[in-house]
Structures are given as C-alpha cells and as structure tokens.
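**Student:** First the structure, which I've put down as structure tokens, then a few questions once you've had a look.
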C-alpha cells in the first residue's frame, strides 16, 4: 500500500481528462511523487538524527528541532500531493454516477441494439460536456487552490525556500543561545527549489487547462446560438444524440473509478 | 504492515455501498490510510530513541516513556483504521451468503444479491452503527489516554528509578499534534458521513414501506 494505489485510482480518471490534464497527471507522477519517494525521502531521512546542537544539555536539541521544523518539508509535500490529487475523484464519482443512471435506463429500454453501437463508438474520443464540464472545472479550481495554499504555507513557515546551515536557538532548556546545524542543507535547498518549480509548472498547467475549457465552453455556446438561428430543430437533435453517445462511451469506458479495482 | 489487504477489502465493499458509502470509502482510503502510510508512520518511527530525559540514571527514560505513552499514538491510529474498516465485511459476507443460496437452490431468489433490501439492509445498518461506534470509542480513548489531543514538548517524570522529578522531552511534538488533529478531523468527518448514510437509508426505506402499505390499502 503506497502511492501506487493512488496511481491506480487516478489512472482511471486520466481517460476523461483533456490533453493538458494528462500532461498534468504525468508531471505529478514522475516529477513529484516519484522524486518524493525515490530521492527526497532519503535526503530528509536522517533529519533529526543529524540535526546537531552545540550543547550537551539534554532536551535542547529536541526543542530546537521542533521550533525550527513544526512540520517537516517531506510531510508537507506528501500532504500537498494527496490534497492536490483528490479533486480528480470528483470527476470519477460523477462519471460513475452517470454510468449507473444509464445502466438503469437501458435495463428498462431496448438493450441489445444500443450495445452494438457502443462497441464501435468506444474507439471514439470522449468529450467533456454538460454537468461533467462543471465538475471537471471545479476539480481544476480546487486543485489550484490547494497548490497555492500549500505553497504559501511552505513560504510562510520556512521564511522562503532556502535551508540555512546554521540556526540559533535559545528555547528553554537550552542554557543560552545555542548554534544548531542542519544536516545536508544544500541538498535540501536544491530539492525544495525543484519541488517548488514543479508545483509552479503544475499551477500553470491547471490555469492553461481552465482557460482552454472556458474558451471551449464559450465557443460551443456561440456555435449553438448561431446554429439554432439557421437550423433550429435538426442540429439540436444530432447534438443531443452525439452527447448521449459520448456519455455512453465515458460510462462504459470507465472501469477504475472509486471501485479501486486492481 | 500489509495495508494492501485493507485496500482490497475497501474496494470490495465499495460495490455494495450507497453513494455516501462510497464517499466514506474514498475519505478513509485517501485521507486516513494513505496519510498514515505516506506521512504519519515516519513521524513516530523513532519516537522512543528520540525521547530524551535530563538524567543519566539507567532505566529512567524507559520508565518515563512507558508512563506517558502506554500505547503509542500511531498504534492506536492503526487499530482504529482496522476496526473501522472491518464492519463492512459483514455486508460482503451477507452478499456472498445470498449468492451461495441462489446457487444452491438453482433459482433466482433475490432481485439482485447486492441490492440493499430486506436482510441486507439490516446488515448494512448494523455495519454503519458499528463503524460509528468504533470511531467514537477510539476518539474517546485518545482523549482519555493523552489528556486531549495535545502533544507537549516537555513532560515531568518522577517514577522509580528516576531519583527526582526529571524533565523529559518528546521529539517532534508540533508535527505529531498537527497529524493528530488531522486524524480527529477525518474521524469526525467519517462519523458525520456514517450518520447521514444511516438517516438517508432509514428515511428511504420508511418512505418505501409507507408507499407499499398505502398502495395495498387502496387495492
């Protein structure tokens, strides 16, 4: 049980994402989760053991460490990754709900004819429309908010993104102002800057995806109003049929969802 | 710790849950299990080694640690996760029993073995009540054992063989406190979800019952 399980869940959502969404997911897994697990955890692994204070006073080291690192970088990143990945589940839940509704409808209706069509349509691309558009856009919005909040929290807690070599501490029971030395400060600074840079890239990708979705929405709207003026009924029927087919694809293609099936 | 088993159990339960039940599974899986494995376990990993007392007397540190942490936070957390996920097994067993019965009698006895009605509804309701009960019990246990959810930086200890009142320092108290609050928040969220699911099911099936009786009367 580890980040692989999150990968399984999000992999299912990937099918229903835009291209930018797929790039975001790849960046998340390769440049953030993988780097966290493979490299960053090792760098921060010995953080308290090798945090050394220039005093023999028992307890001084513990207190100073706690004062300078209220929550470790590595834990903050882990929480950030979990919170940032979660909004995608909203999309997965919405798709699962739609599939459930369609299944119920088709149980009552003529089942066999529709299934033959679905097999061919499965190869076509899925479009994000209607209420699913709103769910998808809200999930991107929440992602952005979480990224921004965590980046700000990081900046606020550690006074910037640099890891100093030396910290001066005079918290009780340290007898006076004591020098404390952080382990591997340069390596930690490098990884911190790297993670912040990738976070910023993810924020940019999310903003781009949001703009793309909004542009698509307004373009489609203007097309619809344009078409309804020239061909009021015919085009709408075609579009609704296409929409229904697309919903069927999304519902039948989705096989991971919240089921967490391996 | 093989948490993959719990993950598979939760995935299995998901099939027979209501919408709110699926949200509960997602919350437990992501905000509790994943946070535990990915972050919390490492914070408490060296808690005994890093627990330091201002004394050289052998045995004093051990005795003081044992006095202040009868059961470590992280072990209580793990136990809570296991106990809270297990009542869902009742539902899985009941569905399996139904499917076995259908096979044995070679005929369709139920509209769908996984549909929540009749006996399965009772089992489902019992599992929700048990889940909520376990959540509350563990929260109360946490509160009683540790005098609230705070983790102090310094504790004073004067148990034998410590020669006098000795200062002992806990490692990473702030980080532990943050994660404990996260645990409490997610527990409370799960309790709220369970109670809503309970009310939703009771309401839904009362309405169904009432409508059936109403139709029968008029027939």
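Cβ coordinates are placed from backbone N, Cα and C, and glycine is handled just like the others.
Caution: TrEMBL annotation is automatic and unverified by curators.
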**Student:** Tell me which of A:105-131, A:132-158 corresponds to the transmembrane segment entry in TrEMBL.
**Tutor:** A:132-158
**Student:** Suppose you had to name the range TrEMBL annotates as transmembrane segment; which of A:77-97, A:161-181 would you pick?
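**Tutor:** Within the set A:77-97, A:161-181, TrEMBL attaches transmembrane segment to A:77-97.
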**Student:** Could you tell me how many residues in the domain 'Connexin cysteine-rich' (A:146-213) are helical, how many are strand and how many are coil under DSSP?
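**Tutor:** Counting residues per DSSP class in the domain 'Connexin cysteine-rich' (A:146-213), I get 42 helix, 8 strand, 18 coil.
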**Student:** Taking DSSP states H, G and I as helix and E and B as strand, how many residues of the domain 'Connexin N-terminal' (A:42-75) are helix, strand and coil?
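**Tutor:** In the domain 'Connexin N-terminal' (A:42-75), the DSSP-based counts are 14 helix, 2 strand, 18 coil.
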**Student:** Quick test of the contact rule: Cβ under 8 Å, at least six residues beyond the ends. What residues does that give for the transmembrane segment (A:23-40)?
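**Tutor:** Distant Cβ neighbours of the transmembrane segment (A:23-40) are 2-3, 6-7, 10, 13-14, 17, 73-74, 77-78, 81, 84-85, 191, 194-195, 198-199, 201-202, 205-206, 209.
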